[in-house]
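J.: Straight from TrEMBL, here's the annotation block:
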TRANSMEM  66-86  transmembrane segment
TRANSMEM  140-160  transmembrane segment
TRANSMEM  166-186  transmembrane segment
TRANSMEM  207-228  transmembrane segment
TRANSMEM  234-252  transmembrane segment
TRANSMEM  273-291  transmembrane segment
TRANSMEM  303-323  transmembrane segment
TRANSMEM  335-355  transmembrane segment
Amino acid sequence: MGVTNVCEGYVKGSVHCVICRLVPTVCKLKKVYSVWNGLLDVSHDYLLDDFITIGMDDGAFYRSDFYIGLSLAIISSFFIGGSFILKKKGLLRLASKGSMRAGQGGYAYLKEWLWWAGLISMGVGEAANFAAYAFAPATLVTPLGAMSVLVSAMLSTYFLNEKLNIHGKVGCVLCILGSTVMVIHAPQEEEVASLSVMAEKLKDPGFIIFAICIVVSAMILIIFVVPHYGQKNVLVYILICSVIGSLSVSCVKGLGIGIKDLFAGTAALKEPLFWALLVCLVICVSIQISYLNKALDIFNTSIVTPIYYVFFTTSVMVCSAILFKEWLRMSTDGVVGTVSGFLTIIMGIFLLHAFKDTTFSWDSLPLYLHGAPRGSTWKQSYIALSTHEILGGDMDKK
């Protein structure tokens, strides 16, 4: 027995691609593990002793990875959601001391330990989220990122004394549901195995045009829109963070590939693309942090967090679709699901943004939603008059 179809370019100790014809197995090839499916073929030059195969009938391997990925995704949501609260607490503490606020262009938050705690918390959360993708499917990890919105909204109620009316709560739920539906039905991104493949995709004319549009739109928002509407409309700062964030995620993906190549023995540090992506990532993250701080300093955290999540997720998905050509493989169900999710997100954003200053509670709802108290009887609070009585009364007055 032997491998029926191994990828070309075999190197002793490398990881192979194998076409599946039987059941999933785990292959240990010269101390390098890879998941592969296939048959063994003694006609190849390498010996059968090079392979140690373990059957996956019990599914123990996949179950352990599933729970590890699930745990990492949940932990990530708590760290990211809590980071918004810590940052906001730090900004409020600075404001109480009379320091120049971030919304006014100040950078005193760099001296506040609570703000740094929030930044570290976000970094830990993002690292855990990135690691979760190595253990669990993307259709599980990505929707769980919406939990950070719920965590932030709940914590802001207790620790920041911020209020979220019924419209905001319903809008928050709609944003999460819409984003989840959109992510589930969106196509998976194409595999990129090396920096050379990543470089070819970055040279694609469609992505170049997209990147230029992102940079130009961000500059227009920063130069012309922020001075006039930055402190009046939360979408201004959020749009800047989101569009720039789509490029930062692409940089992270490229750097992740480079780090994997580095551990595999490839001289990734000698690649100019690796350092270009690193510089681009530093610039993008710096812009994101600056304008996200301004949004948190001026607007309600319960408003900023879900809107930022929705716009950031949408921007990243659009960028990935253009860069990795995901939409070319979409089915009809995927298109319908994506459009439905996007429309749900729009409705959620409308409820969050249009009614954020409206004072509305459960007590304001009609009485029939609460139910009448026991023992009480319904009484008519007005007297119905017939048309004849109304007309007769008018004629008597005449």
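Each residue's number is its place along the chain shown, starting with 1.
Heads up, the Cβ atoms here are built off N, Cα and C, so glycines get one too.
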J.: Rank 207-228, 234-252, 273-291, 303-323, 335-355 by Cβ pairs under 8 Å to the transmembrane segment (140-160) and hand me the top one.
T.: 303-323
J.: For the transmembrane segment (303-323), which partner among 166-186, 234-252, 273-291 gives the most CB pairs under 8 Å?
T.: 234-252
J.: Compare 166-186, 207-228, 234-252, 273-291 by their Cβ pairs under 8 Å to the transmembrane segment (335-355) and return the stretch that comes out on top.
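T.: Most Cβ pairs under 8 Å with the transmembrane segment (335-355) come from 166-186.
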J.: Which residues, given as numbers and ranges, are at least 6 beyond the ends of the transmembrane segment (273-291) yet have a Cβ under 8 Å from it?
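T.: Distant Cβ neighbours of the transmembrane segment (273-291) are 102, 119, 195, 198-199, 202, 218, 237, 240-241, 244-245, 247-248, 251-252, 254-255, 258.
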J.: Can you name the far-off residues of the same chain, 6+ from the ends of the transmembrane segment (207-228), with a Cβ under 8 Å from a Cβ of it?
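T.: Residues packing against the transmembrane segment (207-228) from afar: 201, 236-237, 239-240, 243-244, 246-247, 287, 318-319, 322-323.
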